[in-house]
Amino acid sequence: MAKAKKKVAKKKGRKQTGKSKRAAKTPARKKRTKKAKRTVKKAETVAGKKSAAKKAAKKSSTKSANKAKSARRGSTSRKTKARVAGTTPVTGKGVKERVKQTAETATKEKAKVGATTKVAPDVAKPSTAVAGNSFYITTAISYPNGAPHIGHAYEAIATDALARFQRLDGKDVFFLTGTDEHGLKMIQTAQKENMTPAELAARNAAQFREMDERLNISFDRFIRTSEEQHHRSVQEIWKRMAANGDIYLDSYAGWYSVRDEAYYAEDETVVGEDDVRRGPQGTPVEWVEEKSYFFKLSAYQDRLLALYESQPDFIGPESRRNEVVSFVKSGLRDLSISRTTFDWGVRVPTDPEHVMYVWVDALTNYITGIGFPDENDPDWHYWPADVHIIGKDIIRFHAVYWPAFLMSAGIPVQKRVFAHGFLFNRGEKMSKSVGNVVDPFNLADQYGVDQMRYFFLREVPFGQDGSYNHEAIVARINADLANDLGNLAQRSLSMIGKQYQGVLPEPSDFSDNDKAILAQADGMIALARSAMATQQIHHALNAIWAVVAEANRYFAGEAPWALAKTDPKRQATVMYVTAEVVRQIAIMAQFAMPAASSKMLDILGISDEATSRDFAALATRIKPGTVLPAPAPVFPRYIEPAA
């Protein structure tokens with residue numbers, strides 16, 4: 001992830017933020033849900049839900065691939081994702097057009113598995129999508145002066161989970177990620193490696209993109225700030241801020257950290273026993289004096305405080321909001337936004353001797369990624385962003401500087417910024433000198449991509465710091481995945497294969513136990529929606545795994561293996577109910593484990609059509625008579641390699 005950058009002269013700096021580019025677009029999916037007879041109460045207050053009638057009436061219009069947009073983005077390579085959120089992405093070479101397909105009207109399966117007397121209570125219908133069906137989400141763009149590490153992977157996985165969830169829920173999602181390639185640090189690293197900054201950026205950006213593809217990250221654009229379009233975008237926002245009277249030329253003198261690419265005030269630095277002055281991040285600082293353009297950040301203090309007051313959810317989690325509000329209330333000083341001591345960056349349009357300070361450059365990627373400065377671009381409708389997902393160390397840049405820049409330029413501010421915590425290896429901060437930096441490629445190879453995704457999303461409360469180690473990862477794989485979910489699916493579906501020749505049986509009347517487990521399964525979507533609306537990914541998974549645990553208790557308590565001779569009708573009902581619950585779990589888990597969940601739906605005989613696998617499909621039950629393929633293990637146990 002981008003490194004912490006700190007503020008300008010006399011100002012506190014902060015770190016570098018993430019950004020993004022484009023790959024391919026998912027078709028805007030049409031969701032239909034009918035009104036349920038049974039409503040899960042906990043979900044009724046989830047903000048932004050549409051009524052089922054409104055949803056049924058809403059049709060996603062056909063949108064052809066926008067070739068003009070692809071051409072405008074030039075030779076930037078893209079990745080076209082299979083837009084069923086649970087499927088593995090397809091990597092494309094060269095320019096891939098985002099196709100917004102006509103969302104097919106879902107086949108009307110009115111029977112919820114035969115006669116109503118035999119069917120579980122109707123599902124608490126997933127009322128999908130909020131008014132205004134688009135959803136724009138971004139990561140922080142990574143600083144590619146080195147190889148990607150597990151911190152970059154964590155942010156990408158979490159943001160991908162949030163994006164996939166919204167796609168499954170019927171939203172037209174645009175997901176942006178990428179690399180922040182300018183600045184003095186890139187110049188110095190390139191010099192050490194005997195290459196140009198452009199060559200270094202190209203080499204390392206490819207590694208970050210490769211990481212995203214390896215981890216099944218379904219981005220729509222992978223942006224690089226060295227792109228010509230981004231240069232035009234940054235110069236345009238500069239011109240607008242200047243036209244508003246918010247930029248002026250002056251001199252800067254203060255402490256600067258090359259590693260952090262941040263300015264520090266005197267009281268933010270300390271001199272160690274080695275007589276080296278360091279900033280808050282422990283990095284050496286040097287005294288810098290030069291001409292600089294300044295942004296009138298001080299003029300936006302009251303407007304920012306008014307923003308935080310009127311939109312209390314603008315910053316999350318609450319601890320980060322309190323931090324930002326306190327910072328702004330303490331008084332804002334004008335921000336140095338240009339340098340003259342290096343030339344690897346975006347030139348100031350009216351004064352080419354100056355290169356823009358990295359944060360003006362970097363933050364603007366969020367609007368470049370959807371077409372800016374061309375506000376007639378078909379993707380511009382995604383702005384303002386629904387949420388920027390970033391590390392907690394760069395919260396001030398995104399919650400203070402970025403909205404101030406946008407206000408100055410006359411562009412609507414983003415809707416929300418959410419800051420996640422740090423990952424620690426066995427409780428220790430990762431450091432090359434300590435030798436505990438983890439390569440995400442190695443982690444994926446060792447444990448599996450979906451297993452790795454699940455661990456970090458479930459184990460670490462999103463928004464807090466988290467620690468991980470080999471033992472904890474193995475425990476989650478073997479307990480949650482192999483034992484609980486994997487065994488439930490394998491045992492139940494194998495029994496259907498053996499007892500019913502692989503054909504899902506017709507259920508009889510449902511018992512209270514049947515109704516209870518089906519009702520809990522029906523309630524997952526509401527609980528998950530509520531959690532994901534505030535980026536509480538771990539709570540969404542907790543709700544799903546509560547059903548996994550209850551389904552195992554149900555299956556063991558009903559003992560269907562003993563019912564074959566004593567009560568075949570009851571056995572058929574238990575097997576049907578279990579298969580339906582497993583289907584719902586597999587649909588719900590796609591945002592976290594897309595490949596494994598897709599495999600589970602395959603062995604349940606579920607069509608790979610989007611309408612059979614997204615959240616709207618939860619509004620109907622699985623059909624008796626469905627032919628199930630021979631079951632295959634989805635989650636193998638992790639076995640320690642031989643010494």
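Numbering starts at 1 and runs along the chain as it is shown here.
Including glycine, each Cβ sits where the backbone N, Cα and C put it.
All TrEMBL annotations are machine predictions without curation.
The range from 114-118, 429-433, 534-538 that TrEMBL describes as motif ''KMSKS' region' is residues 429-433. The range from 142-152, 230-240, 373-383 that TrEMBL describes as motif ''HIGH' region' is residues 142-152. As a whole-number mean, the pLDDT of the domain 'Methionyl-tRNA synthetase anticodon-binding' (505-636) in this prediction is 97.
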